[in-house]
Amino acid sequence: MVKCHYCEREAVVRLPYAKLNLCREHFAEYLLRKLERSVNRYKMFGKGSRVVVGVSGGKDSVTLTKLLSESGLAKMLVVHVNLAIGEYSRISVETVRRFSVEHGLDYLIVDLSEYGIGIPELVAKTKRSPCSVCGMVKRYVLNALTMDLGYDALATAHHGDDMAVYIVKSFLLQDYDQLYKISPVNYEVPGLAARKVKPLYEFYEFEVETFAKLYGLPFVSVKCPFKHVGWLESYVRELLDRAEEESPGFKVSLLRSHARRTMSMRSAEQAQPKACASCGLISSGTECSFCRFTRRALGQPMGLVVRRWIIGKAVAGETRQVSGDQPSSVG
Ligand SMILES: [Zn+2]
Ligand SMILES: [Zn+2]
């Protein structure tokens, strides 16, 4: 039996980059400290901030939510955007609901299918890839919600393995605008864009997955039917996995160097922010990509419709579906 580095119990996980074998309890504690260090290192938000957490229901977002709630660093609102992708979305909505209720967390399910804003409908009317349409819709809704409900930051569960892949991929494509957007923190643009933070920026996917399983968190393991991984992304992922194997910790050093160099950079949109003529939120041109896209696909820009829906829910008190402030405990 391999023993835990800190106690007499059996180790259930090995972290090669830290040269540590840990038991279940010490692993949870290790991740909790890592989360707190990341939040502080990158100045994501101050203690007691109000943070919207975007939760898809996958292992990454439930782990982020669980760790954040354990840390007591922020007052959270769990938000799930129902993408209306058949069975996959039905399972996702139920998982997020169950998870939030079990943990006594305030949550809000954003369902825009009554306005025709479902991914299958939108995808049918465009040549863009489903993943890019989906990403754009989620980004828009979560930003609008964080702004309109007056939260301090929007947290998403992007982990280090994915971030490292996107950094190298953007570099290979020489897409510097995209490269500058990949950051543990994207600062707010007052009145136009919320602060966006990625507390799992330095987390490995295996840590996130192991935690979700060890603690029996409910998560969606069905893959989105639209999911498609391009050849370049697979190739870069393989390359980085090889590098990590040769030199444990490789990805985290890459992520840190990237953050050091780019955190002060601004994407074109942030450098010269404009307000969308239709909805008033951040835009790189006259109209934001969400309004432009929905105008083309549905005949009218839907930004303001989404914002009114959000404010309506807040006024109706539906962002407090369960009473919050009940701390839950790891165990
Ligand atoms: Zn231990
Ligand atoms: Zn707009």
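Using the three backbone atoms N, Cα and C, a Cβ is placed for every residue, glycine included.
According to TrEMBL, the protein carries these features:
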type: DOMAIN; residues: 3-27; note: domain '2-thiouridine synthetase TtuA-like N-terminal LIM'
type: BINDING; residues: Cys4, Cys7, Cys23, His26; note: Zn(2+) 1 binding site
type: DOMAIN; residues: 51-220; note: domain 'tRNA(Ile)-lysidine/2-thiocytidine synthase N-terminal'
type: BINDING; residues: Cys276, Cys279, Cys288, Cys291; note: Zn(2+) 2 binding site
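Here the features listed in TrEMBL are placed on the structure.
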residue : record                : contacts (Cβ under 8 Å, 6+ apart)
Cys4    : Zn(2+) 1 binding site : Glu10, Ala11, Asn21, Leu22, Cys23, His26
Cys7    : Zn(2+) 1 binding site : Cys23, Glu25, His26
Cys276  : Zn(2+) 2 binding site : Ile282, Ser283, Thr286, Glu287, Cys288, Cys291, Gly303
Cys279  : Zn(2+) 2 binding site : Ala144, Cys288, Phe290, Cys291, Pro301, Gly303, Leu304, Val306, Arg307
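Closeness to ligand 1 is met by Cys4, Cys7, these being the binding-site residues among Cys4, Cys7, Cys276, Cys279, Cys288 whose Cβ falls under 6 Å from the molecule. Taking the mean position of the Cβ atoms of Cys276, Cys279, Cys288, Cys291 as the Zn(2+) 2 site, the remaining same-chain residues with a Cβ inside 8 Å of that point are Ala277, Ser278, Gly280, Leu281, Ser283, Glu287, Ser289, Phe290, Arg292, Pro301, Gly303. In the vicinity of ligand 2, defined as a Cβ distance under 6 Å, the following of the binding-site residues Cys4, His26, Cys276, Cys279, Cys288, Cys291 are placed: Cys276, Cys279, Cys288, Cys291. For the domain 'tRNA(Ile)-lysidine/2-thiocytidine synthase N-terminal' (51-220), the model's pLDDT averages out at 94.
The Zn(2+) 1 site is defined by Cys4, Cys7, Cys23, His26, and by the 8 Å test on Cβ atoms against their centroid, the other residues of the chain that qualify are Lys3, His5, Tyr6, Glu8, Arg9, Ala11, Leu22, Arg24, Glu25, Phe27. Between the candidate binding-site residues, Cys23, Cys288, Cys291, the densest Cβ environment within 10 Å is the one around Cys288. With DSSP states grouped into helix (H, G, I), strand (E, B) and coil, the domain '2-thiouridine synthetase TtuA-like N-terminal LIM' (3-27) comes out at 7 helix, 8 strand, 10 coil. Counting every protein chain shown, 19 other Cβ atoms lie within 10 Å of the Cβ of His26 (Zn(2+) 1 binding site).
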